[in-house]
Amino acid sequence: MLLTNILCLMMPILLAVAFLTLTERKILGHMQLRKGPNTVGPHGLLQPVADAVKLFTKEPLHPLTSSKLMFIIAPTLAFTLALSLWAPLPMPHPLINLNLSILFILAMSSLAVHSILWSGWASNSKYALIGALRAVAQTISYEVTLAIILLSIMLINGSFTLSTLTITQEQMWLILPTWPLAMMWFISTLAETNRTPFDLSEGESELVSGFNVEYAAGPFALFFMAEYTNIILMNALTATLFFGAFHNPLFPELHTINLTTKTLILVFLFLWIRASYPRFRYDQLMHLLWKNFLPLTLALCTWHMTMPISLAGIPPQT
């Protein structure tokens, strides 16, 4: 039964990842006044299938001087962790109902850093290693603000469980009282998923393709799928934390459709930002976090901690 549940969760995620790649290419094409993929199938709809067949039937090459075992483990770990992060997400019922689901997501996303570092080190290429070090420094740095923002939201929620956020936001979505946190959260998720304007790890003019430069065929596809799975997850998490998850005053019974619609709008925003913004310089990226976001999030966390106590917004003592 559990295996069936896992498959029912994973298959739609993999389909969503496949068609997100097509959506991204179509949207970028239209924004750059061109058509995008339009040859494979009607209106290019079978392009993801063709890409998957091409990648998984190619020979997986690896450099002679690379560490072969770690070279294969790194993309497998990245993809496994990206999928396991979906387990505690309520849609409307989570696969695993954890009391500390927020901590589980934070811990598992921290583990993903190892796959990036291993891939860069195991490739035995200076470009891959520099790209991996950049990506690791960026990911670890922005996880600090993500954790503090999550703590602030959990102080309002009163629990570390994602499922209770829906009840918390029945009267008002948390985007309204905590909009500065929401803005910093959204920018941090862009940095966490290595997306434009924070895709420093794959600066083509400097590092070719970043930490996955030596990868080809199946292992490269696993990294690619892990990245897009994380993008959808981060946007689903944003919808759950700030936009009332599947709460919609007009159609309260359409649980999953409400969550999916909000997630799709946020994913479209990710793609719009990719089409619009240039890449940051690395020192600007770090200054934004350590000199701007960190002091602001700490101040707002203290504010959200003291406000309920000062206004006596505490549960009644029985």
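The backbone N, Cα and C atoms fix where each Cβ goes, and this holds for glycine too.
Long-range neighbours of the transmembrane segment (2-22) within the same chain, counting only residues 6 or more positions beyond its ends whose Cβ lies under 8 Å from a Cβ of the stretch, are 37, 44-45, 47-49, 51-52, 83, 86-87, 95, 224-225, 228-229, 231-232, 267. Annotation source Swiss-Prot lists transmembrane segment at 2-22 (among others).
If you look up Swiss-Prot, you'll see 69-89 (among others) marked as transmembrane segment, on the strength of sequence analysis. Counting residues 6+ beyond its ends, the transmembrane segment (69-89) has Cβ neighbours under 8 Å at 9-10, 13, 62, 95-98, 101, 104-105, 108-109, 111-112, 114-116, 118-119, 121-123, 162, 212, 214-215, 219-220, 222-223, 225-227, 229-230, 233, 236-237, 240 in the same chain.
Swiss-Prot lists 102-122 (among others) with the feature transmembrane segment.
What Swiss-Prot records for 147-167 (among others) is transmembrane segment.
The feature transmembrane segment is assigned by Swiss-Prot to 172-192 (among others), with sequence analysis given as support.
Within the chain, the transmembrane segment (231-251) has long-range Cβ neighbours (under 8 A, six or more residues past its boundaries) at 13, 16-17, 20, 82, 85-86, 89-92, 105, 150, 153, 162, 165-166, 169-170, 173-175, 178, 182, 185-186, 189, 192-193, 195, 257-259, 262-263, 266-267, 270. Residues or ranges marked as transmembrane segment in Swiss-Prot: 231-251 (among others).
Same-chain neighbours of the transmembrane segment (253-273): 20, 23-24, 27-28, 31, 91-92, 186, 190, 195-197, 231-232, 235-236, 238-240, 243, 245-247, counting only residues six or more beyond its ends whose CB sits under 8 Å from a CB of the stretch. Look at Swiss-Prot and you will find 253-273 (among others) tagged as transmembrane segment.
Summarising the annotation, Swiss-Prot assigns transmembrane segment to 294-314 (among others) and lists sequence analysis as the type of evidence. Residues 144-145, 148-149, 151-152, 155-156, 178, 180-181, 184 of the same chain sit 6 or more residues outside the transmembrane segment (294-314) yet have a Cβ under 8 Å from a Cβ within it.
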Using a Cβ-Cβ cut-off of under 8 Å, list the residues of the same chain that are 6+ residues beyond the ends of the transmembrane segment (147-167) and lie near it.
88-90, 92, 94, 97-103, 106, 174, 177-178, 181, 184-185, 188, 240-242, 244-247, 294, 297-298, 300-301, 304-305, 308, 315
Near the transmembrane segment (172-192), which same-chain residues lie under 8 Å Cβ to Cβ, leaving out any that are not at least 6 residues past its ends?
109, 138-139, 141-143, 145-146, 149, 152-153, 156, 165, 198, 230, 234-235, 237-238, 241-244, 247, 266, 269-270, 273, 285, 288-289, 293, 296-297, 300, 304
Spatial neighbours of the transmembrane segment (102-122) far in sequence, C-beta under 8 Å, 6+ residues away:
66-67, 70-71, 73-75, 77-78, 81-82, 84-85, 87-88, 128-133, 135-136, 139-140, 143, 146-147, 150, 154, 160-162, 192, 201, 211-212, 215, 223, 226, 230, 237
